[in-house]
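Asker: Supplied in structure tokens, the structure appears directly below.
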Amino acid sequence: MKSKLIILLILSFLSKYNFVKIMRPYPLTDQQIKFLMDSVLKLSKNNDCFRTSRCTREWFNKYNFASSRTSEKSSILAFNFFTNLTDTNQKTMDDFNNFINSFQTQTNLIIKNLKKNLKLFPSDIKRMIELGSIQVTLKDPNEFKRLNELSSQMARIFSSAQICENNNQTCLALDPDIISIMSKSRDYDRLSTIWKLWHDVSGPSYKNIFTEFVGLFNKASRESGYKDASEFWIAEYEDPNFEKNYDTWFNEIKPLYVQLHAYVRRKLKKFYGDKYPKNNKPKLIPAQILGDMHATEWSMIYDIVKPYPQAKIFNLTQQLISKGYTPIKIFKEAEEFYKSIGLFPMTDFFWNNSMFVKPNDRPVECHGGAWDFSNTFDFRISMCTEINELYYYVVYHEMGHIEYFMAYSKQPYLFKSSPFHEAIGDLIYLSVQTPSHLKKIGLIQSEKMTKEQEINYLMKRALEKIGFVGFAYIMDKWRWDVFRGKINALNYNQKWWELREKYQGVKAPVSRSEKDFDPGSKFHVAINYPYSRYFVALVTQFQFYESMCKLANHKGDLHQCDFHRSKVAGGKLREMLSLGNSRDWRFLLRTLTGKTSISTSSLLKYFKPLYDWLVKENSKDFNDKPGF
């Protein structure tokens with residue numbers, strides 16, 4: 001037994017270096033993982049251990065290493081499942097998660113008990129205890145097994161869903177088929193049909209499973225010391241005023257959103273003419289005509305709403321196609337940008353094991369995902385890349401996650417996370433999409449813009465970013481209330497549409513009832529992924545962007561800044577990323593921005609020229625004032 005332990009301790013040391021990928025089994029076998037888990041639990045039985053910092057540190061060292069290896073294998077099995085949706089892969093994934101549940105339950109309780117005596121420990125151990133306490137599990141192994149089964153079922157049902165338009169034999173998946181129709185079609189009736197078909201086959205198929213899942217997820221949260229799952233989700237922000245701040249950020253951005261909404265509504269009314277509904281809630285925009293299934297990303301209707309049709313700006317999709325871009329070329333170009341500011345090249349494991357395009361021989365989940373295997377060498381992306389502007393952005397977004405994983409890869413397991421994860425790729429893309437950068441990499445010929453072209457450019461950016469505000473804000477407002485019992489299976493849909501109408505200003509294209517489960521048409525509901533992270537990222541990406549532009553000595557308007565090749569800006573970003581979650585978010589924020597509070601000021605500054613233009617433009621129509 002001692003020899004096994006020595007070998008595993010050596011592997012723990014070697015895991016800091018890439019040598020480990022050829023010097024140990026990858027992943028470890030269940031027997032080897034059990035040995036690691038048992039060694040942690042054995043030390044836990046020493047009643048005197050947690051009375052000293054030295055022994056407590058030894059326990060966390062063992063715990064972090066064992067957890068890294070369990071996470072490593074769990075992630076591999078999850079990746080195998082999402083890139084090959086079979087019963088066998090689902091069962092293998094669920095069985096392993098059930099296998100490690102007892103270890104997670106026992107160590108979760110140990111760490112929560114340590115929280116009672118925080119003052120006994122040094123700062124890094126305190127931090128591990130604080131983060132290790134933000135976990136949930138179920139004491140009853142049968143209930144935990146059921147929770148895993150429900151989670152897998154929801155993901156698989158959603159990922160396998162297809163619609164068959166006009167009873168065609170060839171049916172369509174959401175990504176990329178339905179996404180393409182929703183973004184390109186200008187046929188009002190067809191968009192309504194596609195919208196309804198997708199909402200019919202996605203959400204309702206797992207509504208009952210979702211309801212049972214919520215019950216067990218809430219029970220797990222309560223058994224782990226939380227009032228319900230909403231409190232567990234919000235705990236990751238380590239801010240007692242988070243919900244209040246969340247509402248404040250929305251209300252500060254709302255005037256810009258309302259002006260954009262009014263302008264877009266007027267343009268869509270004109271474009272669709274008699275097809276556009278006239279009487280029923282006329283200030284709400286039909287959700288299916290905004291270029292996206294969930295009305296989250298409005299840039300695909302830029303051709304309809306552009307302020308100055310004669311002042312043409314670049315069409316990135318056309319440029320990508322004409323320049324002969326392939327998925328791999330997009331990924332290589334994204335890697336070059338990150339490297340140019342001093343971040344990391346992708347590893348051999350990334351290039352050899354990622355899923356870059358949709359395979360023809362098996363069902364997969366196409367929604368873009370970045371994968372961290374809790375070591376220093378294996379990081380992957382899974383997505384079904386198409387050659388257009390949307391997927392060009394998604395590549396940079398997902399690679400932002402990979403860069404974050406790589407930056408904190410040498411941190412202990414409990415520090416391998418961050419509330420800012422969703423912001424990093426978007427921050428980089430704000431620089432990538434500037435005309436000066438696109439000219440630099442040969443995608444466009446000129447970076448100069450007239451005032452009219454500049455307004456068009458900012459409109460395109462607003463359709464991408466500000467059009468997202470309403471949905472990003474309400475997704476978790478709805479789920480928090482589900483977890484709190486304020487919304488239940490009898491009124492899921494009613495409350496969902498109340499929120500969408502009130503805050504997003506959109507309405508369903510066809511009548512809805514409680515037979516429908518429209519929130520379930522969104523991927524993040526099916527995989528139980530918190531959406532508030534995207535709303536936080538919407539704000540922080542601009543705050544990070546302005547700071548990096550200052551570090552890069554940018555002169556001029558914020559929306560024109562490209563910090564490509566700025567090692568100074570990239571070095572400061574890398575410093576923040578490398579900390580992982582070893583310090584709270586305020587410290588991370590200060591590392592890059594010098595501020596300790598999240599602010600919308602950079603976002604509003606970026607769009608100020610467009611906001612002023614929208615206010616003036618919308619004031620011309622006295623019969624259609626902004627608001628809904």
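Heads up, residue numbers simply count up from 1 along the chain you see.
Just so you know, glycine gets a Cβ as well, placed from its N, Cα and C.
In TrEMBL, annotation is done automatically, which means it is predicted and not curated.
What TrEMBL records for Glu398 is active site, proton acceptor 2. Under the heading active site, proton acceptor 1, TrEMBL lists Glu398. Look at TrEMBL and you will find His524 tagged as active site, proton donor 1. Residues annotated as chloride binding site in TrEMBL: Tyr237, Arg533. The Zn(2+) 2 binding site feature in TrEMBL is assigned to His397, His401, Glu422. Look at TrEMBL and you will find His397, His401, Glu422 tagged as Zn(2+) 1 binding site. Residues or ranges marked as disulfide bond by TrEMBL: Cys164-Cys171, Cys366-Cys384, Cys549-Cys561. Here TrEMBL flags Asn84, Asn168, Asn352 as N-linked glycosylation site. Positions annotated as signal peptide by TrEMBL: 1-22.
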Asker: Between the Cα atoms of Asn84 (N-linked glycosylation site) and Cys366 (disulfide bond), what distance do you get, rounded to the nearest Å?
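Answerer: Cα-Cα, rounded: 11 Å.
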Asker: Using the alpha carbons only, what distance in Å do you get between Asn168 (N-linked glycosylation site) and His401 (Zn(2+) 2 binding site) once rounded?
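Answerer: Pair distance, Cα basis, whole Å: 38 Å.
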Asker: Do any of Cys171, Glu422, Cys549 (recorded positions) have a CA within 10 A of Arg533 (chloride binding site), and if so which?
Answerer: Glu422
Asker: Output the one of Cys164, Cys171, Cys366 that, of all these disulfide-bonded residues, has the highest number of other Cβ atoms within 10 Å of its Cβ.
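Answerer: Going through Cys164, Cys171, Cys366 one by one, the largest Cβ count within 10 Å is at Cys366.
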Asker: Taking just the CA atoms, what is the gap between Cys561 (disulfide bond) and Cys384 (disulfide bond) in Å?
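Answerer: So the Cα of Cys384 (disulfide bond) lies 30 Å away from that of Cys561 (disulfide bond).
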Asker: Quick check for the class: what is the C-alpha distance, in angstrom and rounded, between Cys164 (disulfide bond) and Cys366 (disulfide bond)?
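Answerer: Just about 18 Å between their Cα atoms.
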Asker: What is the separation, in Å, between the Cα atoms of Glu422 (Zn(2+) 2 binding site) and Tyr237 (chloride binding site)?
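Answerer: Each residue's Cα considered, Glu422 (Zn(2+) 2 binding site) and Tyr237 (chloride binding site) end up 14 Å apart.
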Asker: For Arg533 (chloride binding site), just count the other CB atoms lying within 10 A of its CB, please.
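Answerer: Taking all protein chains shown, Arg533 (chloride binding site) has 21 Cβ neighbours within 10 Å.
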Asker: Name the one residue among Tyr237, Cys366, Cys384, His397, Cys549 whose Cα is closest in three-dimensional space to that of His524 (active site, proton donor 1); these are the recorded positions.
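Answerer: Going through Tyr237, Cys366, Cys384, His397, Cys549 one by one, the closest to His524 (active site, proton donor 1) is Cys366.
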Asker: Let me know how many other Cβ atoms fall within 10 Å of the Cβ of Glu422 (Zn(2+) 2 binding site).
Answerer: 24
Asker: How long is the line from the C-alpha of Asn352 (N-linked glycosylation site) to the C-alpha of Tyr237 (chloride binding site), rounded to the nearest angstrom?
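Answerer: Per the Cα atoms, Asn352 (N-linked glycosylation site) and Tyr237 (chloride binding site) stand 35 Å apart.
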Asker: Based on Cα distances to Cys366 (disulfide bond), point out the closest of the recorded positions Tyr237, His397, Glu398, His401.
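Answerer: Result for Cys366 (disulfide bond): the nearest of the recorded positions is Glu398.
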Asker: Around the Zn(2+) 2 site formed by His397, His401, Glu422, which additional residues qualify by having Cβ within 8 Å of the site's Cβ center?
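Answerer: So the extra residues in range turn out to be Ala370, Glu398, Gly400, His421, Ala423, Ile424, Gly425, Asp426, Ala537.
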Asker: Looking at Cβ-Cβ distances, which residues of the chain lie under 8 angstroms from Cys549 (disulfide bond) while being 6 or more apart from it?
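Answerer: Listed in sequence order, they are Leu558, Cys561, Phe563, Ala569.
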Asker: If you count Cβ atoms within 10 Å of the Cβ of Asn168 (N-linked glycosylation site), leaving out that atom itself, what do you get?
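Answerer: Around Asn168 (N-linked glycosylation site), other Cβ atoms within 10 Å: 9.
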